[in-house]
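Novice: One structure coming up, written as structure tokens, with questions to follow.
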Amino acid sequence: MKNVTKRSFQTIAIVGKPRHDNALETHLAVYNWLKDRHYSVLVEEKIAEQLQLPNGKRIEEIGQIADLVIVIGGDGNMLGMARSLAKYQVPLIGINRGNLGFLTDIAPQSAFEQLYSCLEKGEFIIEQRFLLEAQIEQNGKIISANNALNEVAIHPTQVARIIEFEVYIDSKFAFSQRSDGLIIATPTGSTAYSLSAGGPILTPNMNAIALVPMHPHALSSRPLVIDGDSHISLRFAQYNQPNLEISCDGQDDLPFTPEDRIIVRKSPDILHLLHLKDYNYFTVLGSKLGWSSKLF
């Protein structure tokens, strides 16, 4: 990992996919704030074009050059950038311009105060989050693959169709299932799609993976938590409908057929997520999920 100490962030990149003018204004304000403090600032090329700024860079260039990446947007933006930038080991920090903000935890109204604490005073922590790698194997060869920070969801292309499959963990048969699909979630993703399907919440530091059935056709089907270093593979009944799909973080889709085998395991890439020094996961969790406050 790149060395990160007080005032060691010299080259900082700004990325995100602004959906409205307010978010775009945040990009410009952060750019000007960083330039005023004599940082070398890179801007993702599409944003740079919209704002008519210099130093527009492709994501790959940002990963190779930047010491820190500021993601401005919602969790969806952070997910996309995590998949693209994790392999470069560059830390990411998020300014929330979306809805939930589990991953982008800097509030826009206090962004500059919090960035000052982080960048100028070195008051930050870095958390490591692992990703999953999903592969499609056809006739013994990997034909496509992608990463996911939240979850790998395996389901029919058409909605309201069941599929039947077998799940193997570390090459050992675990269970078979008839359902609308299966969610394979990281601890990061345990508060996303997995949670809405009845899955457990896993704290981010756990080395664990959750297997969560989607509308199973048996009352005995329950979520299962396994070791994070497990290798998961799925085989599908040949009479399933021909068009199946892997969805990575709900953003990237990989089509496959019942003849293919699906392999899911921990990716070698690690997301380095930067938080302010006073970051508390349980405070964020309680706030987002509406938990009760302290009694004493």
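The first residue you see is number 1, and the count goes up from there.
For all residues, glycine too, the Cβ spot is worked out from N, Cα and C.
Pasting the relevant annotations from Swiss-Prot:
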- Asp75: active site, proton acceptor (ACT_SITE)
- Asp75, Gly76, Asn150, Glu151, Arg161, Arg178, Asp180, Thr191, Ala192, Tyr193, Ser194, Leu195, Ser196, Gln251: NAD(+) binding site (BINDING)
Novice: Where's the emptiest Cβ shell within 10 Å among the binding-site residues Asn150, Ser194, Ser196?
Specialist: Ser196
Novice: Within 10 Å of the Cβ of Ala192 (NAD(+) binding site), how many other Cβ atoms can you find? Include all protein chains, please.
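Specialist: 23, counting other Cβ atoms within 10 Å of Ala192 (NAD(+) binding site).
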Novice: Taking the Cβ of Arg161 (NAD(+) binding site) as centre, how many other Cβ atoms lie within 10 Å?
Specialist: 14
Novice: Starting from the Cβ of the residue listed as 'active site, proton acceptor', draw a 10 Å sphere and report how many other Cβ atoms land inside it.
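Specialist: Other Cβ atoms found within 10 Å: 25.
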Novice: Return the residues near Asp180 (NAD(+) binding site), defined as same-chain residues 6+ apart in sequence whose C-beta is under 8 angstroms from its C-beta, sorted by sequence, else 'none'.
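Specialist: Result: His155, Pro156, Ala160, Arg161, Ile162, Ile163, Met214, His215.
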Novice: Cα of Asp75 (active site, proton acceptor) to Cα of Ala192 (NAD(+) binding site): how many Å, rounded?
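Specialist: Just about 10 Å between their Cα atoms.
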Novice: Can you tell me how spread out the NAD(+) site is, meaning the largest CA to CA distance among Asp75, Gly76, Asn150, Glu151, Arg161, Arg178, Asp180, Thr191, Ala192, Tyr193, Ser194, Leu195, Ser196, Gln251, in Å?
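Specialist: So the maximum pairwise Cα distance among the NAD(+) binders is 31 Å.
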Novice: Under DSSP, is Asp180 (NAD(+) binding site) helix, strand or coil?
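Specialist: Its secondary structure by DSSP: coil.
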